[in-house]
Amino acid sequence: MSRKQLALLEPTLVRQALLDAVKKLSPMVQWRNPVMFIVWVGSLLTTLLAIAMAGGALTGSATFTAAVSIWLWFTVLFANFAEAMAEGRSKAQANSLKGVKKTAFARKLRAPQHDATVDHVPAEDLRKGDVVLVEAGDIIPCDGEVIEGGASVDESAITGESAPVIRESGGDFASVTGGTRILSDWLVIRCSVNPGETFLDRMIAMVEGAQRRKTPNEIALTILLIALTLVFLLATATIWPFSAWSGNAVSVTVLVALLVCLIPTTIGGLLSAIGVAGMSRMLGANVIATSGRAVEAAGDVDVLLLDKTGTITLGNRQASAFLPARGVEERTLADAAQLSSLADETPEGRSIVVLAKQRFNLRERDLQSLHATFVPFTAQTRMSGINIDQRMIRKGSVDAIRRHVEANGGHFPADVDKQVEEVARQGATPLVVAEGEKVLGIISLKDIVKGGIKERFAQLRKMGIKTVMITGDNRLTAAAIAAEAGVDDFLAEATPEAKLALIRQYQSEGRLVAMTGDGTNDAPALAQADVAVAMNSGTQAAKEAGNMVDLDSNPTKLIEVVHIGKQMLMTRGSLTTFSIANDVAKYFAIIPAAFAAVYPQLAMLNVMGLHSPSSAILSAVIFNALIIVFLIPLALKGVSYRPLSASAMLRRNLWIYGLGGLLVPFIGIKAIDLLLTLSGLV
C-alpha cells in the first residue's frame, strides 16, 4: 500500500484548522457539544462583565475578569481546534480521492456485447443498467460488473497499491470500480449504480464525515458528561446565595471559573476529535468504514471468523500427489484430474494440470476440439469438472463427490475413505476425482500456515477474542490446520448457509462477530456480522453488504481492524479517566481560592501553596485550556495499544491516565502560578 500518509500536525492542516476553530465559535455549532456550550456561555458572560467593569458600570477587577474571559475563550477555541484538525485530516484524505474523479466520455453500447454500436456520452450521463466498452488506456467510467472480456486494471488511485489486478467476467473478480484505469485488453461493463452513488462517491462522503453520527458509546459518554455538567451547574448556582448570606458574596467571574474547572471540559473538548480520528486511522490502514459505529463495533468484537485461505495459510495450495483408488492406475487418475482442471483457472486447478504433465507427460488439450463442456465450481455443489462425449468427470470435496457418486448409482470405496483420513491428518486437502459412478482416487493439495500467525492468535486470546477458522476443507484437514495455526475453533465444509447460521449462533450468545468476505455468496453473512470487512476486489454485492471495505483486499487486515477499533475505545476511555482525575486535582486549587474568604477553614486544602486566590483561579483556568492542546496529538494518534486482557488493560490505564491525571494538574497549576507571580501579572 503506497498511499501518502499525512503528518500528525501537517502545517497546511494546522492553518486551516485555526481558521475553522474561529468559525466554530458560532452558537449554532457550539450547542451540539453541551459541555463546551456551557464554557462558551461562561466566556460570553465574563466578557460582558469585563466590559462593564472597564466602563465603570460594575465594580470589580476588570483586568482579572478579562484575563479569565480570554482563557475561557481559548478553552473553547482549543476544543474547536482539536475537532477541526481531525476533520481536516479526513477532508485532506477525501480530497486525494476526489482527484481520482475525472470528467470523461464513455463508450455506451446499444447492446450488451463487444461488437455492438457505440455512442459517445459524458460519463456523468450513465445510469444503472447501461453497458459500456472500455479499452486499454481508458478510465472506467462507473462502478459495475464485467459481462464480457478480461483486462489488467490499475487500481492504485483507489487502493494505493501499484500492482495491477485482473478483472474478468464470471466469478468473484468481475467487479470494477469507477476511476480505475484499463492497462490492457478490453472489458464490457454493465453499470451497477447511478451518478453520485459510485464506490468512489461513497468513499469520499464517508471520509469527509460531514454528517458523522455519534456512536452508541459516544452518546452514552456524552449523556454522562451532560449529567456531570448539570450537577456541577446546580452546585455552583447554589453557592452564590450561601456566600451572599454570609456577607462575602463570591463574584460571578469566580463562579464561572469554578464551574468551567469542575465540569469535564478536557474529554468534552476532545470527544468529537477522537471519533473522527478513529475513522481517519482506519483509512490510514487502507480500510474505508461506513461510520464511526463500525469502527467502535470493531473495538468490541469478541469473535473473529477468519477464512483459512489467504488469512491463516498462504493460500497457494498446490497439487502434491495423485493417490488412486484400488484397481485404478495412477496415470488414469492423473488424466481424469487434468481433464477436469483444463478450464479451472484457480492456482489449485493449474497445479493439477502441471503435476499431471510432470508425472506422466500429459499435455493440455483443446476443450473446443474435444467438444467438451466445463462444469464450474459453485459454493453449493462444491465440485467442478468436465463432460466429454459420454464421460462425466468431477473433482471436489469428499462429501460432494460421495453424494454425486451415490446419486449416479455407485458407492464410495472404503479404501478411498481411509486415504482421505490419512491425507487430512497430514494437514493436506483431499480432492476426490470420479468418473460417472466410479471413484478414481484422490488429489492431495498442500497449503502452508503463515509464519507468526499462531503468536497473533495467542495475543487475541489474551484479549478475550475467540478465533474461528472458516474453510471448505473436510473436518480432519480443518482440525489439523486449526491445531497447527492455534485457532480456538473451526467450521469445516463451510457453505454460505453454515456461515450465516454460525454468526447468528454467536450473536444469540451476546457476542459481537467480525468477518471478511469477497464473493456474492458471502453477502448474507456479511450483512449479518457486526463488523463486516468486504474486499475491494470482491463483488458489488459483498461491498454493499459490508460496513467496511479493505482497499488492499487482504483478509488478514481483519486483525488490524480490530486493533484500530480497540485503540479508539482505549483512547476515549483513557482520556475520560485523565479528564475526571484532572478535575479532582483542580478542586484543590480553585475551591480554597474561591471560598477562603467565606469559609477560612478551606485554606487547609491549598496543598499547592498557591500565591493568592486570584492567581490560583487564573492558573486553574489557564491549565484547563492548555491541557486540551497538549492532548490533541494523543487524541488524533490514539493511545499506545498492547494486546492485553481487559483487567490488565484497566490496571495499566488507571496507573498511567488515572494517577497521571491527578499528578499533572498539581505540577502544571503550580508552575503557572509561579510564572504569573514572578511576572507580576497577579
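Cβ from N, Cα, C; glycine included.
Positions annotated as active site, 4-aspartylphosphate intermediate by Swiss-Prot, on the basis of sequence analysis: Asp307. Asp307 (active site, 4-aspartylphosphate intermediate) has a Cβ environment of 23 other Cβ atoms inside 10 Å.
The 10 Å shell around the Cβ of Thr381 (ATP binding site) contains 16 further Cβ atoms across the protein chains shown. What Swiss-Prot lists as ATP binding site is Asp344, Glu348, Phe377, Thr378, Ala379, Gln380, Thr381, Arg382, Met383, Ser384, Lys395, and the listing cites sequence analysis.
Summarising the annotation, Swiss-Prot assigns Mg(2+) binding site to Asp518, Asp522. Under DSSP, Asp518 (Mg(2+) binding site) is assigned to coil, being neither helix nor strand in the three-state scheme.
Long-range contacts of the transmembrane segment (35-55) within the same chain, counting only residues at least 6 positions beyond its ends with a Cβ under 8 Å from a Cβ of the stretch, are 25, 27, 61-62, 65-66, 68-69, 72-73, 75-76, 79, 225-226, 229, 233, 252-253, 256, 259-260, 263-265, 268-269. Summarising the annotation, Swiss-Prot assigns transmembrane segment to 35-55 (among others) and lists sequence analysis as the type of evidence.
What Swiss-Prot lists as transmembrane segment is 62-82 (among others), and the listing cites sequence analysis. Here the transmembrane segment (62-82) has long-range neighbours at 17-18, 20-22, 24-25, 29-30, 33, 36, 39-40, 42-43, 46-47, 49-50, 53-54, 253, 256-257, 260, 265, 268-270, 272-273, 614, 617-618, 621-622, 624-626, 628-629, 632, 635-636, 681-682, meaning same-chain residues at least 6 beyond its ends whose C-beta is under 8 angstroms from one of its own.
Among the features that Swiss-Prot reports, transmembrane segment is placed at 219-239 (among others), with the record citing sequence analysis.
The transmembrane segment annotation in Swiss-Prot covers 254-274 (among others). Residues of the same chain lying 6 or more positions beyond the ends of the transmembrane segment (254-274) and with a Cβ under 8 Å from any Cβ of it are 33-36, 38-39, 42, 45-46, 68, 72, 75, 78-79, 82-83, 85-86, 218, 221-222, 225, 228-229, 232-233, 235-236, 239-240, 568, 571-572, 575-576, 578-580, 582-583, 586-587, 589-591, 593-594, 617-618, 620-621, 624, 627-628, 631-632, 635-636.
If you look up Swiss-Prot, you'll see 588-608 (among others) marked as transmembrane segment.
Residues 8-9, 64, 67-68, 71-72, 74-75, 78-79, 81-82, 85-86, 89, 254, 257-258, 260-261, 265-266, 269-270, 273-274, 277, 280, 571, 575, 578, 582, 586, 589-590, 592-594, 606, 608, 610, 664-665, 668-670, 672-673, 676, 682 of the same chain lie 6 or more positions beyond the ends of the transmembrane segment (616-636) yet place their CB under 8 Å from a CB of it. Taken from Swiss-Prot, the feature transmembrane segment applies to 616-636 (among others), supported by sequence analysis.
The feature transmembrane segment is assigned by Swiss-Prot to 656-676 (among others).
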Long-range environment of the transmembrane segment (656-676) - Cβ separation under 8 angstroms, sequence gap at least 6: 574-575, 577-582, 584-586, 588-589, 608-611, 615-616, 618-620, 622-623, 626-627, 682
Cβ-based isolation winner (fewest other Cβ atoms within 10 Å) among the binding-site residues Asp344, Asp518, Asp522: Asp344
Inter-residue Cα distance where the pair is Asp522 (Mg(2+) binding site) and Met383 (ATP binding site), in Å: 18
Beyond the flanks of the transmembrane segment (219-239) by 6 or more, those residues with Cβ under 8 Å of it: 34-35, 38, 250, 255, 258-259, 262-264, 267-268, 271, 572, 576, 595
Rounded to the nearest Å - Cα separation of Thr381 (ATP binding site) and Asp518 (Mg(2+) binding site): 19
Proximal residue to Asp522 (Mg(2+) binding site) among recorded positions Asp307, Asp344, Phe377, Lys395 (C-alpha distance): Asp307
Rounded inter-Cα distance in Å - Asp344 (ATP binding site), Asp518 (Mg(2+) binding site): 19
